[in-house]
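Over in TrEMBL, the protein carries these features:
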{"type": "BINDING", "residues": "Thr43, Ser44, Val166", "note": "FAD binding site"}
{"type": "BINDING", "residues": "Tyr223, Arg278", "note": "D-dopa binding site"}
{"type": "DOMAIN", "residues": "5-324", "note": "domain 'FAD dependent oxidoreductase'"}
{"type": "SIGNAL", "residues": "1-19", "note": "signal peptide"}
Amino acid sequence: MAAPKVAVVGAGVIGLSTALCVVETCPSCSVTVLSDQFSPNTTSDVAAGMLIPHTYPGTPIHVQKQWFKETFTYLFAISNSAEASEAGIHLVSGWQVFKSAPKEELPFWSDVVLGFRPMSEAELQKFPQYQFGQAFTTMKCDCPQYLLWLEKRLKATGVQMYSRKVSDLWELHSEYDIVVNCAGIGAHQLVGDKKLFPVRGQVLKVYAPWVKNFIRDGDGLTYIYPGIHRVTLGGTREKESWSLSPDPGTAKDIFDRCCSLEPSLQEAQDIKVKVGLRPSRQCVRLQREVLSQGELKLPVVHNYGHGAGGFSVHRGTAKEAAHLVGQCIAALRGSSSGAKL
């Protein structure tokens, strides 16, 4: 058969990295990215881009760890290259602090990040209201920069990108052999996934260049993540809220919570408020499916539903999705050679 035509729907970090992995693992493919939103208008642009995994209750821990490890290794290599600055990727050290010691002493990802250890008594004095903490070094992506870097990589390999709202995967049947669904929260409507729900996140992006270490409350709600140009202050986790309008009261609450962890943030300047809807499920939907209408069939690979943990596992899930695309291509080649007999 001719070079298989693959459409990737969605241009957030999951869509772009999946498209890149498809190109790398199936170089004979012709890959096109279709999305109604590109950077800087995606949910991924709002994300803090910190590699601290979120746990998916419906996914085996060893699978989550593999996804995280592949992502960490990939970004670590970029951070050690001349492209680190352009890609917006750097190492950042800091602390995760708890009001009381967590049930699990070592999170499943503790041996993937660098230098993971319990905080010393001296370090804990910085956080008088906390009893226990963990110190480690991890990766941070400045998301808008990273998305533009991914787009540049894709264009260099000949991938086409079109601004297009896809309202039904089946409408792509006449143009493409395989469709990869990386629509994020859009999959709620696109494929009618009732298990997918938004978790609204509001953050502040501030100018505070003296803040060099990340600080994260162990409950995951309050965090300070320094990037290359700005510090991300968070946050909220509002289930089933579809509102993209910033809430001033919430913004003040976030700022106050972060200042209680890092009082010097009182002097932060140029405060911008951002809102994104995390596409959340009990587990990431990462699977093959064949849609059919009568005799017509359309192979689809789903890769969405990463919730708050998309950046932490994006490369690992993209590699798995690309492997599934390879299986679809093999099945198509098998059926086309069978048709000739």
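Placement of Cβ uses the backbone N, Cα and C atoms for every residue, glycine included.
All protein chains considered, the CB of Ser44 (FAD binding site) has 30 other CB atoms within 10 Å.
Restricting the binding-site residues Thr43, Ser44, Val166 to those with a CA within 10 Å of the CA of Arg278 (D-dopa binding site) leaves Thr43, Ser44, listed by sequence position. Rounded to a whole number, the distance between the Cα atoms of Tyr223 (D-dopa binding site) and Thr43 (FAD binding site) is 18 Å. Rounded to the nearest whole angstrom, the C-alpha distance between Ser44 (FAD binding site) and Tyr223 (D-dopa binding site) is 17.
When other Cβ atoms within 10 Å of the Cβ of Thr43 (FAD binding site) are tallied across all protein chains shown, the result is 25.
Fewest Cβ neighbours within 10 Å among the binding-site residues Val166, Tyr223: this applies to Val166. A mean pLDDT of 96 is what the model gives for the domain 'FAD dependent oxidoreductase' (5-324). Here the C-alpha separation of Tyr223 (D-dopa binding site) and Val166 (FAD binding site) works out to 35 Å. For Arg278 (D-dopa binding site), the Cβ neighbour count at a 10 Å cut-off comes to 24, with all displayed protein chains included. Maximum intra-site Cα distance, FAD binding residues Thr43, Ser44, Val166: 19 Å.
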